């Protein structure tokens, strides 16, 4: 093979020192002239979604060698959002996405690889690697580690990590005893893999199929299944074909491909975090994609599958029902729902990939003419409380609830809110405001899983709305509205809300408003003392200065 990118470090007299170093790293004489492939892994012992990825790296490298490439493996960092939840660790979660993107870009660009296999799985690792792939723009395929099996209680009921979080609230409100909580803890996470519901990790890994950067099966084949190992081999072999065809990420990730990703998101009722990450990916791909366009996708795409935490249906059930390809095939029956001509890493179009992939269980994936709702499972709200938008997972809201209005109960941090909820300062009908938790204010835009789980666990899920400039775990459900932009730390409207203010949430009309006179509003703005950064040293201080609000993906800009 000639004209390789890696020729930069392997060809010519002046590259003798480079070749000498490569020989020391194990490169043989016959390897020079073959494609050099970066195997970007994310194996880490403390993250259950990644503990098995060392094996995956070996499988991928062997498949690359067999297909005529020379693999070089390296690892990224990773943060487990569940373990980081509820303390300062969560402030590092979203910022870790930027570190991952920067580190992958650095390693691959410095060493002139010809192609890349990315092996992510959990929340920020997948989007971080995709962002890097858009920047580098060399042939790349994604192979996630696969979802965890659902847990099962002693009576056979399926559960997940969100069941454990909500179990804490149920225990504290006296709904279950300590033995009941212990059972949830013991069985909530039974295997390796990304947590078993339609949470952020599984949402992003499913969206990778619709986006076109991963082969069919990426989002739903279980981590423990032998099929996942075979999938890794096939994906590695396919990368070598992408190099021959010179198909690059930016050839695949276009505006229409992003429409398809959001269409799947709407059909599945995915995590709200997918919007944050996909907007960041669009930015790196050079695609100008607005929040308003997401509502346009939602308007034409029905909600076909309701998965945990919104139901007792899990990713393993979605896989058995036909997986992502079956969902997309069902969507394709509605004119205009998908762009079937978009290119994918298979070398075929999305339409060709999903042809004939029929639904096997219409209880799990509803027919196109019998959806859970005519509009998708995510929505963007606008109003005087969110001029630049806010996100709600409509698929996670209890059936029949489309509007909520009530008095604001204001907290200036997640910790303050959690304490207030536990101590019964929040009652039915209230609108909880948690502010100064955005990308800049948090810093790091921490997830609000603990407060939402506490609210649900106490039986207030359908009766209380929660609004924040922070974000939510994919395991969150209920009237949870996040990503409010501009954030409070930037002088956004949330900064001026006071206890007792009347807040209106109207999902059908896509409205998020505060009812207050212009005169009073201007008075509050004039008296706002400004925001004092919570962290003044280290990475989070730097991140806080450079990061944008959620409506642009929470990206870092100079």
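Keep in mind that glycine also has a Cβ here, set from the backbone N, Cα and C atoms.
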(request) Check Swiss-Prot: it lists 123, 124, 447 as binding Mg(2+). Then name which of 80, 81, 155, 412 it lists for that same site. (result) 81
(request) Please name which of the binding-site residues listed here, 122, 124, 195, 447, is nearest in space to residue 473 (active site, proton acceptor), Cα against Cα. (result) 447
(request) Give the number of CB atoms, excluding that of residue 195 ([2Fe-2S] cluster binding site) itself, located within 10 Å of its CB. (result) 32
(request) Sort residue 447 (Mg(2+) binding site) into helix, strand or coil using the DSSP assignment. (result) strand
(message) In whole Å, how far does the CA atom of residue 195 ([2Fe-2S] cluster binding site) lie from that of residue 123 (Mg(2+) binding site)?
(response) 10
(request) Round to the nearest Å and give the CA-to-CA distance linking residue 81 (Mg(2+) binding site) with residue 122 ([2Fe-2S] cluster binding site). (result) 8
